[in-house]
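Here is what TrEMBL records for this protein:
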type: REGION; residues: 1-21; note: region 'Disordered'
type: TRANSMEM; residues: 73-91; note: transmembrane segment
type: TRANSMEM; residues: 399-418; note: transmembrane segment
type: TRANSMEM; residues: 425-445; note: transmembrane segment
type: TRANSMEM; residues: 465-487; note: transmembrane segment
type: TRANSMEM; residues: 499-521; note: transmembrane segment
type: TRANSMEM; residues: 549-569; note: transmembrane segment
type: TRANSMEM; residues: 581-609; note: transmembrane segment
type: TRANSMEM; residues: 621-641; note: transmembrane segment
type: TRANSMEM; residues: 653-686; note: transmembrane segment
Amino acid sequence: ISHFSSRGSQKSGQNLPPTRTNRNTYKFFASRSSSVTQQSLNCSPQNSPFGVPDLGHPDLIKKPLKMRSFEKFKIWVLLICLVFELGYGFYLPGSYPHKYGVGDLLNVKVNSLTSIDTELPYSYYSLPFCQPQEGVKDSAENLGELLMGDRIENSPYRFKMYTNETEIFMCQTKPLSGEEFKLLKKRIDEMYQVNLILDNLPAIRYTRKAGYFLRWTGYPVGIKVQDAYYVFNHLKFTVLVHKYEETNVARVMGTGDGAEVISTVGKDGSEEPGYMVVGFEVVPCSVQHAPDSAKNLKMYNKYPTPIKCDPTTVAMAIKENEPVSFTYEVNFVESDIKWPSRWDAYLKMEGRDLTRYEELDKEAQAQMNEELSGWKLVVSDVFRAPSNPGLLCAMVGDGVQILGMGVVTIMFAALGFMSPASRGTLITGMLFFYMILGVAAGYVAVRLWRTIFCGDHKGWISVSWKAACFFPGIAFLILTTLNFLLWGSHSTGAIPFSLFVVLILLWFCISVPLTLVGGYLGAKAPHIEYPVRTNQIPREIPPQKYPSWLLVLGAGTLPFGTLFIELFFIMSSLWMGRVYYVFGFLLIVMILLVIVCAEVSLVLTYMHLCVEDWKWWWKSFFASGSVAIYIFLYSVNYLIFDLKSLSGPVSATLYLGYSLFMVLAIMLATGTVGFLSSFWFVHFLFSSVKLD
């Protein structure tokens, strides 16, 4: 059970809504010192579909080498076990705890201003807030952080560990200009939130409603009461700390901004008291400050008059040509929350009920139990090359690449290596795995091309280029268009031009060459031989009682039924800022989705063959890929009913653009699953049955 109240009185078992998040991260540091292609239409069934060539018999390896390798393996296992036995262990996700001594400086950072009303992030210092004395400096950001629109900068807020301070003066702004006054009012109307970070923990705010505590990350810029606008200019911070328990050990510690070796023993041999930050809470207040009282004050001076922070009242109305003074106070509270549990308040998911998942309707499969033999009549046409084979090969190759990326990424995330606590690592990992799996995309695309044309390898380079540029090209077009909209809105969510250059270089210098390498390997690999001969004259397809494509498009409802509940939480994580952390459950849902996509496509392919429709190639792809249509419709529904507060055509265009990009990737991945399973089924069906 998680404890997230500042006083330990509020348990996580209460009914709290999902929170907003800034997708904050830690980088993980944990270490411990230790000593220790068409040649002929007559093909014979010799190779299994998409088989793997024999790489050699293990008996060719000499026994002494095997023994030496086994001995080394045992030594490594013993060493690993020894480290885990003697070590303090490590915690995933997140970084190693940072120990602070009493009086040590704690620096608060700021992230981009965010709003669920516009989904357009802006820099914190785009508003007239106090700036640090040393100037605004950007924190180190990874590729994923930049793509997600995070801009983390330093702030003037600073604390001393376990030192309570009150009435600390920050600054008094210059008289608000007309432009600054209008911008402040606009950001308040758009419900923008200020996001603060301390020791990689986002500031959390608690409110009480109908007897329940509600928690939110960040606090609003201000509030509108009747016709007046009020800004929250006084912040009451509560820092929860937990006493550092381990002593007399030198450790490497860090929180993402670097690492340092800290000894828990003082110079005189006595133990130094140390604390870890396990919670960061903020209460925003609007306090009226007299301009004359702050005239001669410098930053971090004590405000001359007492400040009463009452979050239920507002007093600091903003007016044109008048300054705004900012102050804060901080209180440290020792908490029984352990350091590994400090993210529980952010990662808790409410409203999840496994019983809400609908079971897959199996009536369609039950109707397939009857003995049907119409498929035997299309034996000489079932492997006839489809229309636009190059495009099909490219789409299947890209689908393998996207599916592999998704599986590997979710597996790593389920193991804790890509948690929400590790800001940007999820996107960075997805890009990395996508580029590496370009080899698989080229291999599958070219080998399928050679299989369609019975071993002919001509044109494999063109197919490889199509696989390397089809999906990335469409994605680049969509993202570039959306990025121009973000640039026009001066949003920090816009991808910098330099990052665009980096992405293009990653595409053409890593992803494309790897896809060509995979295509070369696919051209050298043996093609999959068909078990039956294909006639030169195609068989006429008899008239159908219903349009075959109508059935194909309707088939997507079954895969959609396996994920639409989970889709709500994913969409909420993307657009409502709620934390998504149940990657293990998402992995199970993804496995179920793959199984259902394969079954649906296989059944639809068999139904078409039974009515003598041998054009199954593209239909098998879109039978499962049509789930993307329903996901897009769900996205539109989510926009209308759940994001109804989304304001402006730019925000709606951004939402629909990113949704289109997402459903395109899903269509390629699920369509590939359906096609490959149908290909295996058709190959197995016509190779295992004796035909006249």
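Including glycine, each Cβ sits where the backbone N, Cα and C put it.
Contact between the transmembrane segment (399-418) and the transmembrane segment (653-686) is supported: at least 3 Cβ pairs lie under 8 Å, counting only residues 6 or more apart in sequence. A contact between the transmembrane segment (549-569) and the transmembrane segment (581-609) is present, since 3 or more of their C-beta pairs, 6 or more residues apart, lie under 8 Å.
Counting C-beta pairs under 8 angstroms (sequence separation of 6 or more), the transmembrane segment (581-609) fails to reach the transmembrane segment (465-487), with fewer than 3 such pairs. Same-chain neighbours of the transmembrane segment (425-445): 25, 50, 142-144, 147-148, 393-394, 396-398, 400-402, 404-405, 408-409, 412-413, 417-419, 463-464, 466-468, 506, 510-522, 525, counting only residues six or more beyond its ends whose CB sits under 8 Å from a CB of the stretch. Counted as Cβ pairs under 8 Å, contacts with the transmembrane segment (465-487) are highest for 653-686 among 499-521, 621-641, 653-686. Non-local neighbours of the transmembrane segment (499-521) in the same chain are 143, 146-147, 397, 431, 434-436, 438-446, 460-461, 463-465, 467-469, 472, 476, 480, 483; each lies 6+ residues outside the stretch with a CB under 8 Å from one of its CB atoms.
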